């Protein structure tokens, strides 16, 4: 199916389409390297998240005025919104070193004890994916956060002895994409909790102009707006698309990104005007063309697009639901009227009638 600038621009995908997604918000190796160069150094330079920035600024300024370590901070939100960047800014604002680790890397209480015992006074410990930490380590963290002390168990069985280990005051910055998985005793020990929201297009345009300047890439307002509109409200995706459009501009044009260059480049990379890629369109295309818009079960839909059900449910569906293109109902997955319009298709009469109860006439 061919499509214009507002809809699909390539043929329908066939077979698995998960590899190398430009619109995946999780960081890859290239992202990690480039983000270090693009990362803001302080709160004033950080774009977006106005409420979190304002509140965090007060917390950090108050801590500096008291000459104390900052309260423990919990940052929640989808991948790619700036949680790691904010943790580094917290350390910079407090003029403190930062130690970075992740929940999956701490599978035993001893792993955590080794990290905590090596911290310097005032150091910031950034714990990414804190919800994936093991339960024994989690329970040790309670005491460390509240009393700056841990009990290290020496020996086994009846002869085991708990030896208290005093810790220097430190600031824990926890990051999670699933705050609901954190037990209340852990959540309650954070002095400040900030939820990271998806970015508005205007905020992403500011991110893109700043990144383009640092990458020495020319970009005009319309070019930035075109990329921002396809970036799913996520700075990491915006910066990734910017790099790919930059490549196209260097090879196919004179290096400056305007609207036409951005559209042509993103057509090559199969990211459409709403930020859908091949996997998203495969799911919607199967739902509309093979199943008349649904309802259809998740497993059946996954087979139709040649992907695992977990891939469809965890990778494609969240964005489609957020965009109002797909609904999860007790009877199965159902396409919305917006999905039909986006792919330029007309819903069958029985599909439209069957969906009235969900979406109106």
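For all residues, glycine too, the Cβ spot is worked out from N, Cα and C.
Residues annotated as region 'Disordered' in Swiss-Prot: 1-21.
Positions annotated as compositional bias 'Acidic residues' by Swiss-Prot: 1-12.
Feature annotation from Swiss-Prot assigns region 'Large ATPase domain (RuvB-L)' to 13-199; the stated evidence is sequence analysis. Model confidence over the region 'Large ATPase domain (RuvB-L)' (13-199) stands at 86, taken as the mean pLDDT rounded to a whole number.
When Cβ atoms from all protein chains are considered, those within 10 Å of residue 84 (ATP binding site) total 21, not counting its own. Taken from Swiss-Prot, the feature ATP binding site applies to 38, 39, 80, 83, 84, 85, 146, 147, 148, 189, 199, 236.
Under the heading Mg(2+) binding site, Swiss-Prot lists 84.
Sequence annotations record features per position, and here Swiss-Prot assigns region 'Small ATPAse domain (RuvB-S)' to 200-270 based on sequence analysis.
Residues or ranges marked as region 'Head domain (RuvB-H)' by Swiss-Prot on the basis of sequence analysis: 273-361.
Taking all protein chains in view, 14 other C-beta atoms sit within 10 angstroms of the C-beta of residue 309 (DNA binding site). Sequence annotations record features per position, and here Swiss-Prot assigns DNA binding site to 309, 328, 333.
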C-alpha spacing of residue 38 (ATP binding site) relative to residue 328 (DNA binding site), in angstrom:
37
Find, among the binding-site residues listed as 328, 333, the one whose Cβ has the highest number of other Cβ atoms within 10 Å in the structure shown.
333
Secondary structure at residue 148 (ATP binding site) (DSSP, helix/strand/coil)?
coil
An 8 Å radius from the center of the 309, 328, 333 Cβ atoms defines the neighbourhood of the DNA site; name the other residues of that chain inside it, in order.
297, 298, 301, 312, 313, 317, 332
I'm trying to understand the geometry here, so how far is the Cα atom of residue 333 (DNA binding site) from the Cα atom of residue 80 (ATP binding site), in Å to the nearest whole number?
27
Neighbourhood of residue 146 (ATP binding site) by C-beta distance under 8 A, where only residues 6 or more apart in the same chain count:
189
What's the CA to CA span in angstrom from residue 148 (ATP binding site) over to residue 309 (DNA binding site)?
44
